[in-house]
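Record features, source Swiss-Prot:
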type	residues	note
BINDING	Asn47, Arg137, Cys139, Arg142	(2R,3E)-phycoerythrobilin 2 binding site
BINDING	Lys81, Cys82, Arg84, His88	(2R,3E)-phycoerythrobilin 1 binding site
Amino acid sequence: MKSVITTVISAADSAGRFPSSSDLESVQGNIQRASARLEAAEKLASNHEAVVKEAGDACFGKYGYLKNPGEAGENQEKINKCYRDIDHYMRLVNYSLVIGGTGPLDEWGIAGAREVYRTLNLPTSAYIAAFAFTRDRLCGPRDMSAQAGVEYSTALDYIINSLS
């Protein structure tokens with residue numbers, strides 16, 4: 001799984017060298033942010049059901065037409081699948097926060113997502129709206145510390161930009 005540390009080590013090994021000073025600075029920065037990332041991961045894990053529900057509700061609130069016949073949320077089963085997908089992505093955000101890299105999102109969430117959603121007639125804009133709502137809803141210090149919020153928002157921005 002890709003993280004800052006595994007990326008640095010892989011690059012150095014591929015080049016047949018030891019990690020450079022800038023490589024080690026990158027690892028050090030990643031380690032310094034670990035506490036904030038773990039705080040964000042813990043807060044997300046302890047509140048994930050509410051986060052997923054609010055994100056899904058925001059998605060269907062903004063794109064109400066999705067519940068029309070022939071659309072992605074035309075029945076309860078399909079609506080539940082949308083919430084399930086949001087939950088899946090939020091777990092991947094959690095995993096990414098824990099490891100300090102985008103590996104889980106890249107490997108298990110984003111690769112091919114646009115093509116799959118297009119094939120299934122699922123608009124990525126609805127998922128983007130759900131993740132943007134979740135990012136914008138964050139309120140420090142109510143939800144988490146400012147630095148943890150930055151780490152959390154950065155992970156959500158990564159999903160949003162990848163699906164855009």
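Glycine is no exception: its Cβ is also placed from the backbone N, Cα and C atoms.
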When each of the binding-site residues Cys82, Cys139 is scored by other CB atoms within 10 A, the minimum falls on Cys139
Its Cβ having more other Cβ atoms within 10 Å than any other among the binding-site residues Arg137, Arg142, the winner is Arg137
According to DSSP, Cys82 ((2R,3E)-phycoerythrobilin 1 binding site) sits in helix
Apart from the site residues Asn47, Arg137, Cys139, Arg142, the 8 Å Cβ neighbourhood of the (2R,3E)-phycoerythrobilin 2 centroid comprises Leu138, Asp143, Met144
In three-state DSSP terms, Arg142 ((2R,3E)-phycoerythrobilin 2 binding site) is classed as coil
Arg84 ((2R,3E)-phycoerythrobilin 1 binding site) to Cys139 ((2R,3E)-phycoerythrobilin 2 binding site), Cα to Cα, whole Å, comes out at 24
Closest by Cα to Arg142 ((2R,3E)-phycoerythrobilin 2 binding site), out of the binding-site residues Lys81, Cys82, His88, is His88
Same-chain shell around (2R,3E)-phycoerythrobilin 1 excluding Lys81, Cys82, Arg84, His88, C-beta within 8 angstroms of the CB centroid, reads Asn80, Tyr83, Asp85, Ile86, Asp87
Nearest by Cα to Lys81 ((2R,3E)-phycoerythrobilin 1 binding site), of the binding-site residues Asn47, Arg137, Cys139, is Asn47
CA pair His88 ((2R,3E)-phycoerythrobilin 1 binding site) / Asn47 ((2R,3E)-phycoerythrobilin 2 binding site), Å rounded to integer, equals 14
